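Feature annotations, courtesy of TrEMBL:
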TRANSMEM  41-64  transmembrane segment
DOMAIN    41-459  domain 'Ammonium transporter AmtB-like'
TRANSMEM  76-96  transmembrane segment
TRANSMEM  123-143  transmembrane segment
TRANSMEM  150-172  transmembrane segment
TRANSMEM  192-215  transmembrane segment
TRANSMEM  236-256  transmembrane segment
TRANSMEM  276-298  transmembrane segment
TRANSMEM  307-325  transmembrane segment
TRANSMEM  331-350  transmembrane segment
TRANSMEM  371-393  transmembrane segment
TRANSMEM  413-437  transmembrane segment
REGION    512-538  region 'Disordered'
COMPBIAS  514-527  compositional bias 'Basic and acidic residues'
Amino acid sequence: MCSSLYVVILRQFNHLRRQSFILECIANSLDATNVSVDTFFLIYAASLVFYMQTGFAMLCAGSVRIKNLQNTMLKNILDACGASLGFYTVGFAFAFGGNGDSEGETTFIGTENFFLMGVEQKAVWLFQFSFAATSATIVAGTLAERSQMLAYLCYSAAMTAFVYPVAAHSIWNSAGFLSPYNVDPFLGTGTVDFAGCLVVHITGGLTALIAAKILGPRKGRFYQVDGKITVNDFPGHSIALKALGVFILWFCWYGFNTGSVYHITGEGAATLAQNAAVNTTLAAASGAISALFARVWISERETGEPVFSLCDTLMGCLSGLVSITGGCAFVPAWASIVIGLISGVVYLSGSRLMIRFGIDDAVDAIPIHMLNGMWGCIAVGLFADPAYLVLSHPEMSSAGLFYSNGNLLVCQIVGIFFVFGWVTITMTPFFCVLHYAGWLRADSLEEIVGLDISYHGGFRQRGVETESNHDEEESLYYQRREELREKQRNKIRRRILMMDISLSRGRNSVASASEEKSDDVGNHDDDQGLPPIGRLTI
């Protein structure tokens with residue numbers, strides 16, 4: 001009887017052990033599957049964010065005049081190239097190096113993982129690189145048609161390798177002093193910036209403002225009448241390219257916002273991603289409608305005739321996208337509509353403010369990214385719903401002002417002040433040095449005739465070379481360029497002449513030495529009766 005009971009117990013034990021082994025295998029398989037799914041999700045989101053470079057390129061191309069088209073396109077390409085190298089070497093390490101490995105440690109900048117050494121999840125680097133490239137590209141349109149190529153290369157490297165990473169470290173790294181992931185977050189909350197409203201857009205927009213102020217406006221953009229600044233419109237050559245760029249950016253913004261959950265298989269991640277996608281759509285739509293009808297109202301009051309502006313509608317759409325970026329996953333749908341509606345008005349007000357202060361922004365990047373980035377960051381402190389916040393920050397003690405105390409709103413404002421201070425103290429002297437060295441602004445005559453001619457050997461319109469059809473300024477430019485070329489050719493001729501003289505002198509010296517040697521040999525041949533040793537001893 002005992003032996004039978006022992007056999008039954010042993011069989012049950014073996015059966016349970018096999019079941020445990022099977023469940024363990026299934027769990028390991030699910031873990032591996034989750035990692036693969038998260039990696040694919042992050043790479044796909046990074047691809048969408050990187051494709052935003054195409055949208056920015058089309059937007060800039062449509063906003064500039066045809067004579068600066070090649071120059072603008074090249075700068076957009078160099079943004080991606082410079083950002084990839086700068087963020088690979090030191091940028092990622094400064095932003096996320098270590099990621100708060102020491103419990104409770106708060107640092108200003110990362111000190112590990114240079115050149116991606118020790119980084120296992122390289123998809124995170126790809127996603128963050130696309131963010132850094134986006135922040136750098138914001139400045140490209142603002143400085144269009146008047147900045148030198150060297151200045152832009154220097155700025156792009158400094159931005160992605162140092163300035164942007166410090167801002168990202170402070171808010172997104174768990175060792176950052178403003179990060180909500182810190183062990184002891186600021187005011188128990190930290191600054192919430194889900195997808196980069198503060199880190200990406202305010203950083204890029206404020207840099208654009210500093211650069212535009214130091215660089216100055218394009219020639220003929222502003223002039224004074226009776227002591228008042230009057231603007232001279234420089235319309236872009238293709239509104240269709242601008243519209244194409246905005247549609248591409250809207251599409252890519254879904255990767256920008258939803259991809260910021262990082263791990264789509266994590267608990268609550270799917271809910272946050274869905275909410276982010278819905279809010280992105282609503283904010284973009286309401287921003288476009290707000291800007292459209294606000295422009296209609298303004299034009300009717302100023303001229304008596306309503307104007308339905310396509311350009312303002314497109315910029316209002318981008319303003320809505322920027323303003324929802326910081327809290328897209330945490331605000332309810334109705335709040336995203338409110339945020340978008342206000343963003344359109346913020347854009348129009350900011351654009352008029354830039355003109356009043358004589359700041360030339362070719363693509364209105366400053367009101368779109370800087371001012372609406374500020375509004376979006378503040379909106380998080382107003383509308384963040386604790387039901388969504390707890391999914392990403394379980395230990396957060398505060399929410400939006402409409403749901404809780406004002407700690408989160410205070411943290412958001414402190415984050416804005418920090419990024420403003422950091423970007424100002426780093427980029428202002430940087431651009432001042434470039435300006436003092438003469439590397440920032442293009443030559444006045446080159447600017448008038450177009451940077452495509454001065455930097456890229458001419459421009460094409462409708463497939464026909466137009467270099468021979470220039471006006472008075474272009475003729476003057478080509479005359480001066482020919483004079484410079486002639487001076488360069490004269491320098492080369494003088495160098496060649498000096499080389500010929502030197503070679504001639506060298507040949508003459510060799511010939512003289514050969515003749516003297518021949519004479520010595522002839523004299524020695526006369527002494528044929530003496531042995532060779534005797535000649536040396538005489």
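Counting starts with 1 at the first residue shown.
Here the Cβ of each residue, glycine as well, is placed from N, Cα and C on the backbone.
TrEMBL: automatically predicted annotations, no manual curation.
Using a cut-off of 8 Å between Cβ atoms, the transmembrane segment (371-393) and the transmembrane segment (307-325) share at least three residue pairs, counting only pairs 6 or more apart in sequence. Contact check: the transmembrane segment (413-437) against the transmembrane segment (192-215) gives at least three Cβ pairs closer than 8 Å, residues 6 or more apart, which meets the contact criterion. Proximity of the transmembrane segment (331-350) to the transmembrane segment (276-298) is established through 3 or more Cβ-Cβ distances under 8 Å for residue pairs spaced 6 or more apart.
Within the chain carrying the transmembrane segment (236-256), a Cβ under 8 angstroms from the stretch's Cβ atoms is held by residues 44-49, 51-52, 54-66, 69, 134, 195-196, 277, 280, 284, 310-311, 314, 317-318, 321, 325, all 6 or more beyond its ends. Per-stretch counts of Cβ pairs under 8 Å to the transmembrane segment (192-215) identify 123-143 as the leading one among 41-64, 123-143, 150-172, 276-298, 307-325. Residues of the same chain lying 6 or more positions beyond the ends of the transmembrane segment (41-64) and with a Cβ under 8 Å from any Cβ of it are 72-73, 76-77, 79-80, 123-124, 126-127, 129-131, 133-134, 137-138, 140-141, 144-145, 236-249, 251-256, 258-260, 262, 264, 362-363. Taking every recorded stretch in 123-143, 150-172, 307-325 and counting its Cβ pairs under 8 Å to the transmembrane segment (276-298), the highest total belongs to 307-325. Under 8 Å from some Cβ of the transmembrane segment (123-143) lie the Cβ atoms of residues 39, 42-43, 45-46, 49-50, 52-53, 56, 59-60, 63, 72, 75-76, 79-80, 82-84, 86-88, 91-92, 95-96, 116, 152, 155-156, 159-160, 164-165, 168, 196, 199-201, 203-205, 207-209, 211-212, 215, 256, 259, 262, 361-363, 365-366, 369, all in the same chain and six or more residues away from its ends. The predicted model assigns the domain 'Ammonium transporter AmtB-like' (41-459) a mean pLDDT of 92.
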